[in-house]
Amino acid sequence: MYGRDPWGGPLEIHATDSATDDDRSRNLNEIDRAALSRPLDETQQSWLLGPTEQKKKKYVDLGCIIVSRKIFVWTVGTIVAAALLAGFITLIVKTVPRHHRKTPPPDNYTVALHKALKFFNAQKSGKLPRHNNVSWRGNSGLQDGKGDSGSFYKDLVGGYYDAGDAIKFNFPMAYAMTMLSWSVIEYSAKYEAAGELVHVKELIKWGTDYFLKTFNSTADSIDDLVSQVGSGNTDDGSTDPNDHYCWMRPEDMDYKRPVTTCNGGCSDLAAEMAAALASASIVFKDNREYSKKLVHGAKTVYQFGRTRRGRYSAGTAESAKFYNSSMYWDEFIWGGAWLYYATGNVTYLDLITKPTMAKHAGAFWGGPYYGVFSWDNKLAGAQLLLSRLRLFLSPGYPYEEILRTFHNQTSIVMCSYLPYFNKFNRTRGGLIELNHGDPQPLQYAANAAFLATLYSDYLDAADTPGWYCGPNFYSTNVLREFARTQIDYILGKNPRKMSYLVGFGTKYPKHVHHRGASIPKNKVKYNCKGGWKWRDSKKPNPNTIEGAMVAGPDKRDGFRDVRTNYNYTEPTLAGNAGLVAALVALSGEEEASGTIDKNTIFSAVPPLFPTPPPPPAPWKP
């Protein structure tokens, strides 16, 4: 007989089994041990022993991937440890006192630049803006040009006083604005780094706004042009009040200020004003309406100068005495070059690259003043400006020959600045005598320093390491070194250890020949002769005309800080403009040198495709 083994196996039962209870019990024990010695499946174990402890799995299912449990634990542990370490480091960094690295102080050229620009604020005529930042100046010249009925101008308020007196000479003023614009076009990044870009553009606009009032700038052609506001001639012994006879604050002027105009024969003035307006139009190219207005005015006034030939100073004794112009051909090239850059009109380039134009301007003359760049002679600046065209755009035929000549002449001028050559003498202190020992030398040295630095930067930008002076090759660093020596002389490295820039350093002129600076702002209005006591006083000026570069020392490095001697102590608009240009060109050279803006000046110039030369004449046997 068979019964079912509850453990899953058959079990035979013998009914006739007569075993005793002891035997049966022994047999059952043996059966139990045998059954328990067999491996049990999971179901059996659960019945017998209840739920068993689960084994740890070797893998972790993350849903999208299955990874080893060991790797998973190590990874999570590493991330947690890294987070704790980062938090600990952050806590330390935030709690430990910080030692900020100080920003290096600005170099001397940048410090001097801030001051030199401030001089223009002190020279402003008209209703001053609130942010003019010269506490002892106020509104002045508010009646300029308003008393003459039937004239072509409506009012001549604004512009700049030329020097220590209150005359507005348009010829040197236009040159000053052109120089400021040129420096902004080339070195706008440096102006911005110094925090002066907005300021210098505002100064330029103050001048160009005034120039647009001095002729009918909306017309296509004009017949008249203002050349001067105010009068200063005292040679005839007259005691009539004027801007030289009287010594008054500009704010207190109560005498008549005549307006000088020309209706022909002022080509140099017209071309210089065209240069100022055209160069400023590039500075303000982002202000399309204003830039367009400046370009139109530049075209009109340039055409006026070209049509009615003559020197502006030939017609008036005052202009001849104070700002005599030697010729107008250099202004034709100078103004035409700026008009070409401002408009891209090749007609201007055709005009100024005619060999006869260069010949008339003295490009091939040489002479003692060749290479002396100033408010009177623009040739050296014009040649450098056109050398730029050759270096970066290379227009080729038919301009290449005359542009190469200008480039070669520029190289010769640069050679003449170097101490290895004997073209110009130097004082014992190292100041180059570009005006051959005549008074007021600093403005010429500053201009030369600007041209030398700019030419050096042009060569660097064109990947040219230097230039030749005869058989000798000089690196661009030689030009920069020359520029530094001249500007350093102005800033105090001279035998007198005196800075000729007012407000720079600790020792500088205190008796500057300047009406506004020499008379206190004390609510007292001194009349024409009443101010003489301040002019003749031995005391320092009550107002510091910060940033004014005075006329400078004599040829023996001597200097007299005397208010009545303008050959030593009078600053000028034109002189300061050249200094500003040189300072910004040299500024920031520790961080980067040669940082000119290669392309802005060419914004309006279309692509140049050189015209092939004409074919040779047919061969005839």
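Numbers here mean position along the shown chain, with the first residue as 1.
The backbone N, Cα and C atoms fix where each Cβ goes, glycine too.
TrEMBL: automatically predicted annotations, no manual curation.
Marked as region 'Disordered' by TrEMBL: 1-25. According to TrEMBL, the feature transmembrane segment maps to 71-93. Taken from TrEMBL, the feature domain 'Glycoside hydrolase family 9' covers 109-583. Per TrEMBL, the feature active site maps to His513, Asp561, Glu570.
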Fewest other Cβ within 10 angstroms of its own Cβ, chosen from the active-site residues Asp561, Glu570: Asp561
Model confidence over the domain 'Glycoside hydrolase family 9' (109-583), averaged pLDDT: 96
Distant-in-sequence Cβ neighbours of His513 (active site), under 8 Å, six or more positions away: Ala163, Gly164, Val550, Arg563, Thr564, Asn565, Tyr566, Thr569, Glu570, Pro571
